[in-house]
């Protein structure tokens, strides 16, 4: 195992290599959008979500994407007057970004589980992060933005006392109070100035998913999966109002500057504005197409941007006094729309274990080539099951990768755990390698893909004779992570050539990758054991007497074709040779075959005649269908 120095990683943990098959620029969200922030000075909207990418828009026009996370981004805050952005992700990290240029400045790895929520005290330039590890950490933003590659140690204050996973967090601008909401069904409060736990507020019957605190820290509003919104007096430590306007869980809250109105959204797809002085007075702002995940005000505070578990983001006008007095009707269409893309919802790996057929949220079907890390065909809205059936081939290649659709894009994982990425050997011909001098030469899919992913990395010297047959696009994200654990490093394939990247890769690429890229992994051939039995029709004078006794148990590489087995029968069982296993280097020109040729040897399995081009693993998988050792029968056709 590679000695993983970054972040003091445990060297015993297994490391896997992953890649995301995506476009050079993913301009549209591919799945639900979890977080929104507005920069009022530049009128820029920042959005982040389940496809792991943070995107920046100016008047609905896409500016750029910010990619560095490897899992859902759950929350973002803009700070330092919009110069910097902090993000929290299910990849367990908090990241600090240069918001205007869009690059990641530093990564905080303090959390041990999904980071679900952030809170920002504008006057103190302080941010808090919390998540499923039940921990809340306080960060000084000026310290975070001063971090460099060499000066990357950062101290943090920890707020102790949470008993359960935290899903929501809020802090007032002066940073005098911080509130957390969790599956404990209660609100917990701290004074962030001295990290002292203050008290707990009970009253909700389910997870507290959304929180806002008034500027002066005297009041707090909470939204819960129990469907209610509660207003709390923090001074009086009690609930002063319960508002029930939603028919289901409340997941998002905004309060007006004066704390006179609350805007809420959630699972019932509605966004509702409620007058806190008179809670009976509420107006439905909009009904979205999917459950509401987040909202933020526009720069002029006259409208709200709304994001949902769908990928599009819409802007809706907020009600005025007239709407509350029912003197005007609310508009039924949004004033702005940022269209999203479609998430891949289904993926089926075809029998060749190289192509994947996918279906997205818009019912579009597409074909991807894993070895080239790209989409090869858009098939449109065709019948997915029919398409799988039509592309079925009787060929069996072992599984050598895992597929993950969590981000709405195809993520391919290569490792050596349950699925060994070096298990798939195929002929150069079957792999579609045209310029190979020997079409029957065996190539390994896992090795070919790893070579392509690390092609630009200077740390790996390639054998000039072992030329690359495949390349992957330079924009493909390459991710090294602990199996079932945290991300160690993410880099674009084309960026692995850089000095800094090279040094980090030297520390994180595991030995099993290096040894198999640099050396030959032929020691990993998978063997199959089988018996050869003569058919009753084979003339007994052709069979050597010892062949008539108990048949030998033979062992061969599982990709050996039936034709090779037929050659073995011709040379060893019917001729005068010895009965070693097929696929060896015996001289096939020796005339010891009683005048028969290989085309006259017919193999059967379970009474089914086998195609000479079929390999043994395919025979075992589709025809033998048993865990017992494979048994093949042979006979001579067109015998004299």
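Just so it is clear, glycine is given a Cβ too, placed from its N, Cα and C backbone atoms.
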Between the candidate ranges 576-595, 596-615, 616-635, where does TrEMBL place the region 'Disordered' annotation? 576-595
Helix-strand-coil residue split for the repeat 'WD' (66-107), DSSP-based: 3 helix, 25 strand, 14 coil
Near the repeat 'WD' (201-242) in space but 6 or more residues beyond its ends, with Cβ under 8 Å, are 167-174, 176-177, 179-183, 185-189, 248-255, 257, 259, 262, 264, 266, 274, 276, 279
Average pLDDT across the repeat 'WD' (66-107), rounded to a whole number: 95
